[in-house]
Amino acid sequence: MGGDAFTFELFGLTFNWTNLISGTIVFVITFFLLFGLSRHLQMKPTGGQNVLEWIVEFTNGIVRGQMPSETSGFYSFFVFVLFVFLFISNQLGLIIQFGWNGHEIVKSPTADPVVTMTLALCAVTLSHFAGVARQGVKGYFADYFKPFSLMFPIKLVEEFSNFLTLGLRIFGNIYAGELLLKLLAGMAFSHGIPTMIVSLPLEIIWQGFSVFIGAIQAYVFVTLTTVYISRKVTGE
């Protein structure tokens, strides 16, 4: 378990098999989970429909809390899917970690900075498109010079720092959690029964804590995404 990422080259470009496989697993789990929860919808929800409606209300609450009412509905579905995808991505490495010949094959996609920075780039780019669509090109760029022109370089630094912190925060938490689980698993088999007795309870406790951390990081990511979009839409 663990090791270097499994990569291959195509047309001079290097592709990461680990991220492709792990991401595909997350997509499949997300699709079938939402498909299963949304089957047999009724006016009086029961079972899986209750869970689905709770998640929808939860993410809708995030959007409504950050965005003006006239635009919140447009981004509700995006935030819902993003939250579910991130939550499952954060938990995948706690359920499945598989390696072969010194290479990682399956892990949490969000334990790789390339994945999290790409998601952060998509979120920040969407916020800029939303700002242009709402305010127009002139109004969008005018915000960078408010309340006075000297704010322009400061706001550029702020934009870059928002991008970095959004992607690195979730990566750091998920990567650190999985790394500690690997260390505890290695310690369990290092000196036989004594270390196994000590490390196994610690690993169970840390896995439970990592589930909580993964949920919090998914919540933080989607909340900050809605904040960034709201700022561009409202011009604040």
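Every residue, even glycine, has its Cβ placed from backbone N, Cα and C.
A quick note: this is a predicted structure, and the numbers were derived from the prediction, not measured.
Residues or ranges marked as transmembrane segment in Swiss-Prot: 17-37, 76-96, 113-133, 170-190, 196-216.
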Please report, as numbers and ranges, the same-chain residues at least 6 past the borders of the transmembrane segment (113-133) whose CB is under 8 Å from any CB of it.
16, 19, 23, 71, 75, 78, 82, 86, 89, 140, 143, 159, 162-164, 166-168, 170-171, 175, 221, 224-225, 228-229, 231-233, 235
Should anything in the same chain at least six residues away from the transmembrane segment (76-96) have a Cβ under 8 Å from its Cβ atoms, list it; otherwise answer none.
22-23, 25-27, 29-30, 33-34, 55-56, 58-60, 62-63, 106-111, 115, 119, 123, 126, 170, 174, 177-178, 181, 207, 210-211, 213-215, 217-219, 221-222, 225-226
